[in-house]
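As recorded in TrEMBL:
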TRANSMEM  A:6-25  transmembrane segment
TRANSMEM  A:37-58  transmembrane segment
TRANSMEM  A:64-84  transmembrane segment
TRANSMEM  A:96-117  transmembrane segment
TRANSMEM  A:145-162  transmembrane segment
TRANSMEM  A:183-209  transmembrane segment
TRANSMEM  A:221-238  transmembrane segment
TRANSMEM  A:245-265  transmembrane segment
TRANSMEM  A:271-289  transmembrane segment
Amino acid sequence: MDLGSISPALLIASLMVASTPLLLAALGELVVERAGVLNLGVEGMMIVGAICGFATAVETGSPPLGFLAGAAGAALLSLVFAVLTQVFLANQVATGLALTLFGLGLSSLIGQGYVGIKPPGTGRLDLGPLADIPFLGRAVFSHDWMVYLSLALTVVIAWTLARTRAGLKLRAVGENHDAAHALGLHVVLTRFAAIAFGGAMAGLGGAYLSLVRVPQWTEGMTAGAGWIALAIVVFASWRAGRVLLGAYLFGGVTVLQLNLQAVGVALPVEYLSMSPYVVTILVLVIMSARRARGTAAPASLGKAFHATH
Amino acid sequence: MTPLLKIDGLTKTYPGVVANDDVSLSIAPGEVHALLGENGAGKSTLVKTIFGLNQPDKGRMEMDGTPYAPSSPEDARVAGVGMVFQHFSLFEALDVAENVALGMSDPPPMRDLSQRIETVSRDYGLPLKPGQIVGDLSAGERQRVEIVRCLLGNPRLLIMDEPTSVLTPQEVDLLFKTLRQLRDEGTSILYISHKLEEIRALCDTATILRGGKVVATCTPSEESAGRMAELMVGRRLDVPARAGTVRPETLLQIDRLSVPAASEFGTALKEVSLTLKAGEVLGIGGVAGNGQDELVATLAGETRSPADTIFLERRDISRLGPEQRRVRGLLTAPEERLGHAAAPDLSLTENGLLSAATSQGLARRGFVDWRAARRFAESVIERFDVRTPGPGTVARALSGGNLQKFVIGREIAQDPLVLVVNQPTWGVDAAAAATIRQALLDLAGEGSGVIVISQDLDELMQISDRFAALTEGRLSPFRPAAGLTVEEIGLMLGGAHDMEPAHAH
């Protein structure tokens, strides 16, 4: 065993790549849940995004088009959820679970011809002299543009929710949809938009998996990432900054334990494999327990809204 | 003078009911106009139409002589109409400034808004801090948030939907001061209530609605409260009549009952003793939060008390659970209608079943007899005049007064030996309150014992044989209700019974 063989710069670099799909999907679900909708179909939307993105990138040879198609495909799927839960007032939990099952099946169907193909590579973003900084250059400044986009989106979402009128309206709809309606806000429209946005973000996360992280297409390749994203949103107590922390923590421990396995640490593999889950949950639980107030779930989360007279 | 708002022949129909039937009224600038009516008379529907939350089927409205047909609250706000809702339309997790911003069409940046909130709240005597989270505020403070939200839009017409139903008397005084100041500045106010004394104190004109129709327009200060109540209800309101007499046998006895507080916000019961005879109505007064809920919970069996403290017909029931007490004839109706007395999303049939399954034989060998359960619910609905489409309606769909009639009626219909009710007529309109009070007296007339816990002293004086005050968990000695003066009651409520020896000369 030689812990010295683990390079910290490489560790951080692969941590960022491993965390990006989770971060994207969790940010999307954060917005959905802040609008008062519980969409358990993240896993299904991610994998549909993964195959749509993969197929498009392979056919067109353009990764950006692939990411766009991944987002669009998953957003389209999420609209099925939106119509069922917001128009026909179907139960959100059941519909979300069904969406996951449907997404898994649909992606296998679309993906039949794409097994074993390599997608076109997503290029690194050239950050010029930044990439030449010792250690930091290799760890932080030599990634593809999606990594930086996901970080930028974290800031944009946090800022939009906290500071803009649109964000305030979205939070209001999630807190008390009856009061929001009484004030003349468009509850159903807001939720449709939030659900579609959440779908697009999950699709981006999925496409990142199939185009960058793995990169190839296999059935069921999301392997529970959507569920982790859902859990991160809850344990991050619905705050964008903590979602980033949770996603990077989970990604980080995942990468670390893989490295530890590789150098042969004298711990059973099962313990190492479960460590990302345990560590992420522990840290976020401790953080959310410390500040009991202001961390509560959106009050209308998961409740059906029907405008009565 | 052109009226500020003129409503002409407004009609609105919902499936099964005509909520507003050819309603006309007009409000002058700077007028405080009362809209008076029982629950379900169509007041809320009318103001929602004025505020653009629903569209009328027929009729027209005019503002300053020009046609006014708002299709959304946004339109109404632009036209100068503001509304303070009965159930506050606030967001508990957001702070005061954010809540205010959500109710404005075109809010200024947050920093300016905070300043304007502070200015307005100071000018109108409505102390508020913009940064406070609304979830931490009292009912009165929440209402201030709503009022400030409206005032920032400089409304010419302010609609207040039953604003005092959740306020303490001090908060009501403060509110009236603010409303009078607004009126003096030329703002018209449409004030909805069924509290007649308030309307007489505050309003210039009153429009009385009954069954969706305007039945009268009057000047409240020139009418008696009794006359307006008659117009509102459509018949004379009888003072409840006593029938039976108190008999000597003791039904319920509480002997030096002490129960520690269940939570840090609860009140401990301290050495509470009472004796309830057959045919007697005991009234227990006092401001809520002085042990009322705890006393009801202890009598219901939700909270267990030490052995040998509560006796029903001389048998110790202190350690029995709620169901065993029900079987023995001790029934209770708690204060909180939705969530405590009734399960909000269950039908009336199911809610009836929950309480009466054993006593009415609605379940046999573990199976529910649905036909009998429905019959039981139907009988309660008919006997207590509960206005609802039928026993299949869920509890939360009923108005407060109607649900109250059902949950109290459900217990009375089981012919209890002893019935304990907490705030039986809270938030209930005059006619329903009279029905409930009469039913309680009739029950006592048949030889049952009734304990009424209430904040409404007039109610207690009207129906109880003996009266005591519950203050900080202590119960004063009972005194005959007949002949008690207001001063004596005030002393009892003030907890003066503790100091009586010290005052004795």
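For all residues, glycine too, the Cβ spot is worked out from N, Cα and C.
Please treat TrEMBL annotations as automatic predictions, because they have not gone through curation.
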#### Entry: Range from A:6-25, A:145-162, A:271-289 with the greatest count of C-beta pairs under 8 A to the transmembrane segment (A:183-209)
A:6-25
### Message
Assess whether the transmembrane segment (A:145-162) lies in contact with the transmembrane segment (A:271-289), where contact requires at least three Cβ pairs under 8 Å among residues 6 or more apart in sequence.
### Response
no
#### Entry: Proximity of the transmembrane segment (A:37-58) to the transmembrane segment (A:245-265), 3+ C-beta pairs under 8 angstroms
no
### Close approaches to the transmembrane segment (A:6-25) from elsewhere in its chain (Cβ under 8 angstroms; 6 or more beyond its ends)
42, 45-46, 135, 138-140, 142-143, 146-147, 150-151, 153-154, 201-202, 204-206, 208-209, 212-213, 225-226, 228-229, 232, 243-244, 247-248, 250-252, 254-256, 259-260, 263
